[in-house]
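Asks: I am attaching a structure below and will ask some questions about it afterwards.
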Amino acid sequence: MQNLSLSLVILSVLIAVTLACKCREQSTKESFCNAHWVSHVKVKVRVGKQGLPEGSERKGLNNLRYTVQHVEVFKKPSNMTTLPDEIFTPSEAPACGLKIAAGHEYLLAGRVEGPNALYTVLCGQVLPDDRSQTSFENVLEWKNVPQTLQSQVKSIKC
């Protein structure tokens, strides 16, 4: 009986590891330069089970849609004068979707899908190069963004 219990525990751990989000570690500059947009946002509303807007590459997937206020934009595509106030992310953890809370502020990065939909995932978020300040595969709540990183995102040249 103990062997069966131990086998079930090991199987559960292996399944969790297999289904977990996997990201490649990147430097602050690499994450910033690979992103289409980087912004200090305040999350107003989170809505589940959303499809991406018309013209997006990913079809039929369940997404979370966040309505945000862009407090400060550090990077945006040159063809956009402002960033849209909606951000989409996968609702499934294995697809590296972000679970962030309404009413909180974050440093977020992502890409533009289709004509003008902002899309973000856990991988590629702009984090400090000093990993003692945050964990890898993380999203930074703005109050935890080190002062050095706040200054750095204002001056990175790609």
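The backbone N, Cα and C atoms fix where each Cβ goes, glycine too.
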Asks: Write down the single range among 21-25, 41-45, 61-65, 126-130 that appears in Swiss-Prot as region 'Involved in metalloproteinase-binding'.
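Replies: Region 'Involved in metalloproteinase-binding', as annotated by Swiss-Prot, spans 21-25.
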Asks: With the disulphide bonds as Swiss-Prot has them, who is the partner of CYS33, out of CYS123, CYS158?
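Replies: Swiss-Prot says the disulfide from CYS33 goes to CYS158.
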Asks: Against which stretches of its own chain does the region 'Involved in metalloproteinase-binding' (21-25) lie, if we need a Cβ under 8 Å and a gap of at least six residues from its ends?
Replies: 93-96, 121-124, 136-137
Asks: Just name the winner among CYS21, CYS96, CYS123, CYS158 (the disulfide-bonded residues) by count of other CB atoms within 10 A of its CB.
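Replies: Buried the deepest by this measure is CYS96.
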Asks: Would you kindly give the Cα-Cα distance separating CYS123 (disulfide bond) and CYS158 (disulfide bond), rounded to the nearest Å?
Replies: 19
